[in-house]
Structure formats: structure tokens, C-alpha cells
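Student: Copying in the features that TrEMBL gives for the protein in this structure:
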- A:H109, A:H111: Zn(2+) binding site (BINDING)
- A:23-212: domain 'Class II aldolase/adducin N-terminal' (DOMAIN)
There are 4 protein chains.
Amino acid sequence: MLPGPFLLENTVFDVIRYAVAADSIIEAGRFLYQRGWSPATSSNYSERIDDQHIAITVSGRHKGQLSAGDIMVVDLDGGAVQSNSRSSAETRLHTVLYQLFPEVGAVLHTHSVKATVLSRLIAPGHSLELEGYELQKAFAGVETHESVLTVPVFANTQDIDALAEETKSWFREHPGQPGYLIRGHGLYTWGKTMEDCLRHVEAFEFLFDCELETMRVRP
Amino acid sequence: MLPGPFLLENTVFDVIRYAVAADSIIEAGRFLYQRGWSPATSSNYSERIDDQHIAITVSGRHKGQLSAGDIMVVDLDGGAVQSNSRSSAETRLHTVLYQLFPEVGAVLHTHSVKATVLSRLIAPGHSLELEGYELQKAFAGVETHESVLTVPVFANTQDIDALAEETKSWFREHPGQPGYLIRGHGLYTWGKTMEDCLRHVEAFEFLFDCELETMRVRP
Amino acid sequence: MLPGPFLLENTVFDVIRYAVAADSIIEAGRFLYQRGWSPATSSNYSERIDDQHIAITVSGRHKGQLSAGDIMVVDLDGGAVQSNSRSSAETRLHTVLYQLFPEVGAVLHTHSVKATVLSRLIAPGHSLELEGYELQKAFAGVETHESVLTVPVFANTQDIDALAEETKSWFREHPGQPGYLIRGHGLYTWGKTMEDCLRHVEAFEFLFDCELETMRVRP
Amino acid sequence: MLPGPFLLENTVFDVIRYAVAADSIIEAGRFLYQRGWSPATSSNYSERIDDQHIAITVSGRHKGQLSAGDIMVVDLDGGAVQSNSRSSAETRLHTVLYQLFPEVGAVLHTHSVKATVLSRLIAPGHSLELEGYELQKAFAGVETHESVLTVPVFANTQDIDALAEETKSWFREHPGQPGYLIRGHGLYTWGKTMEDCLRHVEAFEFLFDCELETMRVRP
């Protein structure tokens, strides 16, 4: 008896689910680029295909002009599956989130001016604390503005494996927080669906803008 | 003789008027979302159908992508009519305005960065006073920039009934003022028609931007 | 022999030239509104038809949605010609410029946040002086950034006839300057053609933005 | 034997390559104008045709509305080839870059508010130094945010030949730097392809915005 089918069940992904995830990533890219949150080929996006595979952007592509050839598949260790393309250098920052949170269906990493500047203005070792904004309710599970949203700010590094471990440790301890910043670099956020995840990006960008606007008036 | 028709006259709304109001709300949502004034499923909008009914957005929908299924009917106490959907949590903030001002045909609640930040910068117990702007003439009934526009800022709360009463009391005393802010939350404004109401949103956003820009330069 | 034709030559305008001017105004409105420089039915625009007539926006229309019914004709005293519509309350601010400068073919009045805020920040009795910007060369006749552009700031008033006289006197003395501000109100600028005039609006808005941005950093 | 063909090989450009370059410049203009980086007929763009010729914008055209008639050919000394049009007054600032860097395929000069203001805020004799931004990796050859990007700021002048020599000297000494500012004027940047060059503009604008935003909060 051949082991093949059994093997396939564990290692092969559903092609249709890949295609649907790729479409969703392409559309997200158009939106995020148009908003100015993914300039100059920065940023990377992913969506879960199944418990072993995610669709993710190929490294270095123009995020407002993604097309079929720009979305590949990796396993949860970040290894390319059925592809010779190279996924984003930050692939491991995505996969640790999918490993840690089985309910997460999409992860978006963006590079806005506001996120970049705010992350540099926060003193090392401090988090961004957001409080008293009605829009905090845009995050899944938040029911009132009378709550505190904590956004950790990690130091930037080109050692992605180390940063991946750092984020994994932090969010294992704080599973209720919906995103983080990397200093001088950008935002990571996630959600059950791409729709939820995009709503989280919008809410974070809104709140970053509010914080900076307030700092401008009251430096 | 059957009481039915009489009863209907009092409790049933004109379906065509509902459909027209829904269309108008959908179009307003596209505009307001595109401007960045209703991000991340925030905001809610309504339009009067008759003296007993209003069309209003269903809770939690993406305001730039509203479609037929996202607009429901409530009576002036905020109760759902011919629908199992749940209207915005802030429905009562709309209905008190329709009760108070029989000439009001539309109410818009938006969540811009400027309104949010400005409302947090104004000290508790103070109103925003706008004076000397030609654009004040965009508000119905204002004929000169040499007038003072008073925008009260209410504390934010998740107790909508209490806030509804508070706004009702304030505007019963100040029927000539065209809108209010909720701290860290957003703007409410209204008008005889949706067109008037949209003009009021635009004028308020313009004036909020002017005030913040001035505060940036002269903190 | 009938005096008719002679009379017509002096008082009747060419309908085709009116239609072309109206089209040009409608298109300018779409551009200026989309940029945020004519919000909430503010602003008014005109284009010369001949030495006795100009096409001008009807009072109170949405400048991003102008259509055939929104552009009327006035003579150089501001009187409506062949129309029962009411032209902009500020019609006389347009006509004095056409009277003063026979080569002027278009006048645009806009209401941007930058123009409004900047005009309020400049002390009464002072002008805005622009110097050292390469973009000053966008104004007709300016050949170097080593020139000074003087933008007078007039006090706002609802007495348009008085303001019209004031602007007429100032520009008779300073025919080389391409525009002015009204405090808390907006910008007036003009050009030989609508294309020139739109370039002047863009250049002014760019320079106002630069000035405010500089003031933000160095208050 | 006729010398003609030999002569042609050295002085005549490939018409198809001109047409392709012109298309690419037209498309770049639409993008750059729409972003607000080339207002009021400012800016000029070029793309290399071969080692002796470049396609470049005709002087004074609206950069968001470029069409076939707005792109001409010059040789590497800036002389018009097969055309009676006048190329941008700053043509020599383009040609020195093509002479200096044989691998450069496109040069873009833009006039944004951010570049203009920032260039005026930097003290004469100083450069803008960018450090610690992940987006620095958008520039060809930059592998880490832990590098320093030096953007020289040249004094503005109407003597383009003198400025051309000045930039040539500086970049001969600093071939790894991707762009420069002219005070109160704008940005010059280049790349192997138009796509690279546009990515550089986006990255510079992002970084200028970050720097100004930081200065606003910490003047």
C-alpha cells in the first residue's frame, strides 16, 4: 500500500485556497499602497491557507502593483513550498504569529510615515499606550474606550530570527494585544480574516496619527 | 369597519422613501470614508423617512462599502422596525435629534483624526468656539463671519442613553448650533437634507483643521 | 436704417464663448474641489467672455459638482445678463480685476485651510512676503527665485463693494503681483487664461503650505 | 564607400527607444503630479535612450498632463536633437549624471513641499543625514538601516552650468549616494531604470516627511 496520499494530506495545500488568499493579498496591497502605508516596495503581507501553509508576498515587489506572480507559499517554518521564489526577508515574523495564534488568518506589515516617526520618538524600553479613544473598539474584543492598548516597540535589526523570537515571547505573554511596532521600521498587526486585519491597520494608523498630532500641538 | 388602514398610517413607513434614504446614506458613506472621516467601521449615519421612522446604518459595517443590506429602519425611540438587524449602538443619539428638531432630515456621525484630537485638547467643561472664519457661512442660517459658533464637547461614555439625554438638554437650550463633539470620539452634525448635512461635515472638518493647524504653529 | 446690429455688438455676448467658458469653469471646479481648496459650497470662479462680459458661478453651488445650470453671465459692473440667477456675493471682487487688467482672462477665488490659517497668522497691516522659492517662477513674468512676491492680506468684511475698491486701489499700484488673501477667508488670483490661473492657484497653495510647514517647525 | 552609415551609428538614436522612453516619462509624470510632487509645471524628467542621447521633458509643461508632444531628445551636452523645442532649463543637471554614471537610465527632478521646506531648514554648508530608517534599504545597494545616507543641499541658482559642475564634482567623490537637494527648489535622484528611479523618489519623500514630522514634534 502506498504512503503517498497519507503524505499528501499533511504536506500539500489546497490550490484554490492559495489562489483565493493571493487575490486577497493583492487587493490589500492596492489599498495599503494607495494610502501611502507601503511605499517604495516596502512591507509584506500574508494570509493563512491551512494549519501548515501561508501565502506571502515575494521579496521586493511593488505593493500597489502585486499580481499573480508575486504571492508564494511557505510552510510555518518559513520554507518555500513548490516555488523557487524568495519570500520576504521578514517571513519568520509572520510565521511565528500563525504558530502562536491558531485563530489568526492574516498578518499585515506596513511602513507608514506615522508609524515610523512615532516608533522613533518613543524612548527605548517603552511601549506606546493608547487610551480613551473610541476607535480602540475597532480592535477585536475591545468593548470600551476605557481600556488601555499597549503597543510594544521592538528595536530594529536585520537579524530576523532573533526578532521573531522576541516578538513570540512578548505576545505569548500578552495574547490580547493586536500589534507591535519596530523602531524606524513599521507596524505588524493581524486578525482572524484579512478584513479584520485591514481594519486593525486602519485603526492603528488613525491612532498613530492622533498621537502625533497631539504631540505636535503639545510637544 | 377595519382599523387597519388607520393603524398603518401611523406605524408603517413608505418603502420607496426608505430605499431613497438608504441610497443617500450609502453614497454619503463612500464620500466620508474616502475622506478618511469614517475609518475602521466607525461612524453611523441616518436619514429621516417620515415623522416616525428613520433609516440608519446597521452596527459595525464598513462605511466605504455600504450596500443594500446595511441600512435598516428604526422608530424614533430607536426600536428596530421590520428587521432583525441591530442598529448602531449610538442610535439614540440620532433619534433625540429627530425628536427635538422636526425639520432635521439627516444626521451624520463621523470619526476624523482632527475631531478626535481637537476634542481631547479642549479642557473638560469647555466648548470649542469658532469665530472670524468666512466658512462659518456654510452653516444654515449663518450670514457673516462676525458670529460665534459654539461646539460643545461632551465626555465620552458607553452609556448612550445618558449621553442622549445630555445632548437633548443642551440643544434644546441652543437650537441654533449645528453640531457637537464627543471627547476622543467624533462629531455629530445634522441638516434639513443629506446635502446640507454633508456640507456641515465638510465645514466642521475644515474648521477643525484650521484650529489644529493654528495650534501647531502657536502651541 | 436700424440701429439694432450696432447695439448688439456692444451689449450681446457670443453664446459659444459663454459655453466654452462655462465648461472651463466646471472643469476647474472639479479640480479645485478635489484638492480640498473649495469645500462646503465656498469659492467662486469666473472667466472672461469679452471686454463687457464674464461667465461666473451662481451663488452657493457645490464646486465639485458644477454643471450647465451653475454658470451665469454678468457685465463688468456685476449685473446679471440674460439670467434670473444670482451670481456670487463676491462678483464685484472679480469684475474689478477684469476692469483693471484688460489682459486677465480668468479669476479664481479659493478657500483652502492653508490660505485661511496663514491669513489669520499674519499680523494686521502686514503682507505675506515670499522669497527664495524656485516655484515663484510659476507666476507669469517671474524669472528667478531671487525676487520677492508680495501677497497683501485684506481684512474680511461682508461689505463687498468696499473690499472691491480696496483691492482695486492696491493692485492699481502693484500691477505685477498675482494675488491676494482675505483674512480667515481665502485666496484671489488671476491669469491670462484659465490654465495660467490654475497654475497660479497651485503655486500659491504650494507656497502657503511651505510657509506654514516652516512655521510649524520654527514657531 | 560612403561614410554615412558609420556616421549614423554614432549620432542617430533608435526611434523606438525614444518612443518607449517618452511613454515611461509620461507615466512617471502622471504619478508624480498626482502625488503633489510636481506642481504648477515645475519639475523635469529624463530617461536614457543610448550612450549619446536622452529623452527629456520640454520646458514648462504640465507634468500631470504630459503627452507625445512634450518629450524631446537631447545629446549628452544638452543640445536638442531633431527638434526645435526647448528642453528644460535644467537639462545640464540631467546630462552630467548620465555622463558620470554610465549605468544610470533615468533621472527625476521633483518639487515637493517637504523637499522644499527641509532644504531651507538645513543650515548652509550642511547635508541632510538619514540614519536608522528601514526604508533606506529602498535605495539600490543599501542592505541595512544601520547605514548613513548623505543628501547634499546645494544653494539654488539660475546659473545651471555652474550648478551642474558643482553636482558633478560632488558625486564623482560620492558615487554611492542616490540624490541631492537644491535649497528652496527640489530633489534630484536617479536609477538604473525608471522603476528604480521612481522607487528612489518615493523613498526620499517618505524620509523627508519623517524628518519634518520629527522636527515638528521636537523643534
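In case you wondered, yes, glycine gets a Cβ from its N, Cα and C as well.
TrEMBL: automatically predicted annotations, no manual curation.
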Student: Enumerate same-chain residues with a sequence separation of six or more from A:H109 (Zn(2+) binding site) and a Cβ-Cβ distance below 8 A; give 'none' if the list is empty.
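Tutor: A:S43, A:N44, A:Y45, A:E90, A:L93, A:H94, A:G186, A:L187, A:Y188 - these are the non-local Cβ neighbours of A:H109 (Zn(2+) binding site), listed in sequence order.
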Student: Can you name the residues of this chain that are 6 or more positions from A:H111 (Zn(2+) binding site) yet have a C-beta less than 8 Å from its C-beta?
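Tutor: Sequence-distant Cβ neighbours: A:W37, A:S38, A:P39, A:S42, A:S43, A:H185, A:G186, A:L187.
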Student: With DSSP assignments reduced to helix, strand and coil, which class does A:H109 (Zn(2+) binding site) get?
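Tutor: Assignment for A:H109 (Zn(2+) binding site) reads strand.
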Student: What is the average pLDDT across the domain 'Class II aldolase/adducin N-terminal' (A:23-212)?
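Tutor: PLDDT averaged over the stretch: 96.
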